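Participant: Got a structure for you, questions after.
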């Protein structure tokens, strides 16, 4: 049970820290943290939680990571569904707290602001198409899993995995925030989409399908190509 609670708490922190920075701080007058700050915030949530709960649950915080690690032979089948449920619950609680905080500002419009929801077409920050969003999310999540698999490989330098994984997530956000607002995490997308409703819910399917496909691809590529012992 501890590992499921850890995943819920960890995903809670990822959503509150990452989406919270986007909603509350990104465009704050004069001292807003901007795109770079939001990207760094997401990376820092994973970095801090990896040290806090990595030894308890592995610090997945993401259904695409859980399914990817399972596909890569690094995770037990019986824990896949409970992990995903815990991640979604933790994210939704964080989304609710963020909603309460954000709507405490006079005139705040959840739907109009986007509430850090992920989207494509007219709801993409840069007006990118559904195809562009699909490709971006698949490729970014694929690379995320390759980094996770490599950084946690027993042959990798020990103790540096949280840093590599956190920085990778920061880089992913720097690349793809303009395209989809960056998901690579179905729990993160669900956590805010449920409070926006409307278009965010109707487009949510892409932010489940693409990250999971990308996660499986990345894990399988690492397991079968990059992760094999070399005879050279």
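Note: Cβ is positioned from N, Cα and C throughout, glycine not excepted.
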Participant: Quick one: which of 84-104, 105-125 does Swiss-Prot have down as transmembrane segment?
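Facilitator: Here Swiss-Prot associates transmembrane segment with the stretch 84-104.
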Participant: Write down the single range among 33-53, 54-74 that appears in Swiss-Prot as transmembrane segment.
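Facilitator: My reading of Swiss-Prot: the transmembrane segment range is 33-53.
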Participant: Using all protein chains shown, find which of the recorded sites 19, 173 scores highest when you count other CB atoms within 10 A of its CB.
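Facilitator: Answer by Cβ density within 10 Å: 19.
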Participant: In sequence order, what residues of the same chain, 6+ apart, have a Cβ less than 8 Å from the Cβ of residue 182 (site 'Selectivity filter')?
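Facilitator: Correct list: 39, 42, 118, 140, 172, 173, 176.
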Participant: Answer yes if the transmembrane segment (130-150) and the transmembrane segment (84-104) have at least three CB pairs under 8 Å among residue pairs 6 or more apart in sequence, and no otherwise.
Facilitator: no
Participant: In angstrom units, rounded to an integer, how far apart are the Cα atoms of residue 188 (site 'Selectivity filter') and residue 19 (site 'Involved in tetramerization or stability of the tetramer')?
Facilitator: 8
